[in-house]
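Report on the structure given below.
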Amino acid sequence: MTSWLDHTINGLIVGNIYALLAVGLALIFGVSRLINFAHGSVYVVGAYIGWVAVAHLHTPLPVTILLVAAGSALLGLLIERFGLRPLQGSTKIAPLLATIGISFVLDQIVQIVFTPDPRALPSQLPDWRFQIGGGTIGALDILIAAIGFTSAVLLFGFLRFTKLGWAVRATAQDRDAARQMGVDVDQVNRIVFAIASALGGLSGLLVGMYYNYIDPAMSFQATLKGVVAEVVGGVGNIPGAIVGSLILGLVESYGIALLGTSYRNLFAFILLVVILVLRPNGLFASKRQLPPEPLTGTFIAPSKPVPLPTPALLAALAVAAVLPLVIAQPYLLQTLTNAWLYALLGISLTLIAGTVGQISLGHAALLAIGGYTSALLTLDLGVPVGLSILAAGFVAAGLGTLLAWPAFRLRGHYVTIATLAIGEIVSLAILNWESLTRGPIGVFGIPPISLFGYPIESARAVYWFTLAILAVLAALQLRLLRSHLGRAWRAVRDDDVAARSYGIALDRYKALAFITGGFAAGISGGVTSHLYSFINHETFNAQLSILALTIVILGGMGNVFGAIVGSVLLIGLPEVFRVAAEYRVLIYGLVLLLLIRFRPQGLFGTV
Amino acid sequence: MPLLEVSGLVRRFGGVTAVGGVDLSVEEGRLVSVIGPNGAGKTTLFNLITGLDRPDEGKVSFDGADITGFAPEKLAHLRLARTFQHGRVFANLSVLGNVLVGAHARLRAARPRLPVLGALGELALALIQPGSVRREEAALRAEALAIIARFGERLLPRQDQPAYSLSYANRRRVEIARALALSPRLLLLDEPTAGMNQTETAEMQALIAELKASGLTILLIEHKLDMVMSLSDEVVVMDDGKVIARGLPQAVRHDPAVIEAYLGHREVGGGAAEKALAEAAE
């Protein structure tokens, strides 16, 4: 019994930390209808400000807390002013993508300044614990509970009793009406970002002290946990976010007690998907609501695609095909081969996110499914490599569609959150299903590519092999886009309500898109696994999903040729100029931000 | 037997009863109009009939079959078409593309009728593009162009332009063209002339009269009363979620309850409704 009380206390404490994150997310969503994917980065920055204060400035705890809150609030103001305010009036997805870009940039800056290595963040508190009932409570537990409680009370008082708090609530209820009544909604936005970021930074500090551990990579997990807690409580609902966080903390704590630490995140994401499917408005939302407003023309920037006549496309293909005869360096060919593999991922995502409008952030999971399928089929069942790659396509198409099914009934930002969670679930399943996937060790010794017994190993042969696959799949996708399916998919994207009224069953056509896209991504993952000869659960990570989305936006949503060019530019150029890996991610983040701001329709326009 | 029959339809939002027990029937080949002040529950009624919203109570029958709570995509396959109050076109599709989506539910060769396998068959057929699928597509395309041609110079020169580039009035026309592409058995029009000037309204009125003359069954929501009076076989007047009067246009316009409902809004509407009623009565 002792341990259960301990697990409960631990769950509530961790839940309290999540609450600091989730309340900020809820505040921001309330006033700007935005899920802030940069929130985890603020949390990391908060943790590092704390580390600098403790380790270098040797500040006492209250000063550390003040420094962290002030520094994080300032960062929040900067994000609001330079990242989001310029996007007012643009498409609905733009601010969300911008926060993803900002998060990339901030995380990389932290990594460059402080190195990716983990650091200890000592708690500055006396190291005593006392017994209550069968459990123990330490000084830090009490501090966390006190900060959580004080923040909640202060926030409640601010929203309830101050004029500015009233303005925040009015803006959350009806932004336009609030503006007409003289509320300075820009100021409300600033205040909310400052408060939310201060809480987020504090959360980072407390987590760092609690585990005596910080590293730049915790950002992504923090965002995810905050989002899970927020969705459980109902997006934009502040008391809901607090309760949702405590529930999440308890679920995780009990889950770890039952099954072990590596399952921690699996519980969080399964909880998220279950809530999204059963109660997308959160546990505390009122039952049936009015049908939501159309997203017509507001979700994806309308634009005229750049016309690309077939002869031009064939000429481009011909140039790509003769390139190995001209280029001698294998390094350059390998780089382009890599670009073709990313282009396969790109045409897959440009179909799902661009043509059908389901902005997926879990797309790397399809690569992972394809990669593991082909690797395990060849190693464990002795399937010939060519056949195994084909099987990878089919398995990724089928399994990917089934896994994405819960997201089909969702719209807009919720699709993005759900696919992100589903992607993480796949990665965690690979990590934990050791009997099939060999767990954290990964799969070694994957045989190189061969076709009908002929090895495809030279840089030239691999180049032609991948280019041929890409050309065939891209041509097939263009063929589909010209058929009634292309029309139906784009109708779903532009207005799903009107599409349904004209007989387009959403589940069916979203499934067909995932089958088509899953096939291309699965093939890409399969080929990749044979080229790398080693894969593990981190080979195809969430960063890859975001890179894929950047490729798609760069090329133009739904634009097949654009996705290929986008991939050559984003994969090929940094390689050619030999940009160091950590700066590469920084560049991706900046490219994403600049695109959203200055050319949301991408290079070749939305198709 | 009426083509559409609505009985005892109720929809509540929290404490507000948007539709409170509405009965309605539309005979084949007739044009029935639903009028009433803003907030009377007309669009909610449309949403309940077309499956975008589920009623709390009541029943909707189409051609004798109970269709209450059917999903909209299923209703489209029964060839029940609607337009939307604020014009919901597919912004990035061309005018022609929009109209062709209207014919989606009529695709036969391209959409094999099989459970589960049907979807995979549809994908395979779209990849292979056999002759039957190509011929069907070509036929629908020709038909869609013929429908666009009914709107003459308004839409014909713009058939390849994306819908987002169209004027508001043209988007409404595209919506009606899209609905016609379903070759509907029942057409529900939600304020087809909203935002149109007098000339455009007259054009739309002529088009609707033409559709009616061709035998199409129509349920119409409209604010422009002179149009309602000249087109309708029957007028249903709603106020506050209830039907307060129904009957022939000339009978309804003299009904004291109707005049009361409209005049009750005089302060708000600046007497416009009263004036419109008076004009229509002349």
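Yeah, the Cβs are placed from backbone N, Cα and C, and that goes for glycine too.
According to TrEMBL, the transmembrane segment annotation covers A:12-30 (among others). Outside the transmembrane segment (A:12-30), and at least 6 residues removed from its termini, the chain residues within Cβ reach (under 8 Å) are 36, 39-40, 43, 141, 144-145, 147-148, 151-152, 155, 168, 171-172, 192-193, 195-197, 199-200, 202-203, 206-207, 210, 222, 225-227, 229-230, 233, 235-238, 240-242, 244-250, 252-253.
TrEMBL lists A:37-57 (among others) with the feature transmembrane segment.
Feature annotation from TrEMBL assigns transmembrane segment to A:96-114 (among others).
Non-local neighbours of the transmembrane segment (A:134-159) in the same chain are 1-2, 4-6, 8-9, 12-13, 16-17, 19-20, 23, 65, 123, 125-128, 165-166, 168-169, 195, 199, 202, 206, 209-210, 238, 242; each lies 6+ residues outside the stretch with a CB under 8 Å from one of its CB atoms. What TrEMBL lists as transmembrane segment is A:134-159 (among others).
What TrEMBL lists as transmembrane segment is A:231-254 (among others).
The transmembrane segment annotation in TrEMBL covers A:306-327 (among others).
Under the heading transmembrane segment, TrEMBL lists A:339-361 (among others). Listed as Cβ neighbours of the transmembrane segment (A:339-361) (distance under 8 Å, sequence separation of 6 or more from its ends, same chain) are residues 93, 96, 100, 299-300, 367, 404, 407, 415-417, 419-420, 423, 463, 466-467, 469-470, 473-474, 477, 481, 486, 489-490, 492-494, 509-510, 513-514, 516-521, 523-524, 527-528, 531, 542, 544-549, 551-552, 555-560, 562-564, 566-568, 570-572, 606-607.
Summarising the annotation, TrEMBL assigns transmembrane segment to A:381-405 (among others).
Below 8 angstroms of C-beta separation, residues 35, 92-93, 96, 224, 227-228, 231, 262-263, 265-266, 269-270, 272-273, 276, 280, 295, 299, 358-365, 368-369, 372, 403-404, 406, 439-440, 536-538, 540-542, 545 of the same chain, each at least six residues beyond the ends of the transmembrane segment (A:412-433), sit close to that stretch. Residues or ranges marked as transmembrane segment in TrEMBL: A:412-433 (among others).
Same-chain residues lying 6+ beyond the ends of the transmembrane segment (A:461-481) with a Cβ under 8 Å from its Cβ atoms: 317, 320-321, 323-324, 333-334, 336-337, 340-341, 343-344, 347, 351, 355, 449, 451, 455, 489, 516, 519-520, 523, 527, 531, 558, 560-561, 564, 607. Taken from TrEMBL, the feature transmembrane segment applies to A:461-481 (among others).
Marked as transmembrane segment by TrEMBL: A:511-532 (among others).
Marked as transmembrane segment by TrEMBL: A:585-604 (among others).
Contact count against the transmembrane segment (A:585-604) (Cβ pairs under 8 Å) is highest for A:306-327, out of A:37-57, A:306-327, A:381-405. Only residues 6 or more beyond the boundaries of the transmembrane segment (A:96-114), in the same chain, are considered here, and those with a CB under 8 A from a CB of the stretch are 34-42, 44-45, 48, 51, 75, 79, 83-84, 87, 216-217, 219-220, 223, 359, 361, 413, 416, 546, 549, 553, 582-583, 585-586, 588-590, 592-593, 596-597.
For the transmembrane segment (A:381-405), the residues of the chain that approach it from at least six positions outside its boundaries are 360, 362, 365-367, 369-371, 373-375, 419, 422, 425-426, 447-453, 507, 510-511, 514-523, 525-527, 530, judged by C-beta separation under 8 angstroms.
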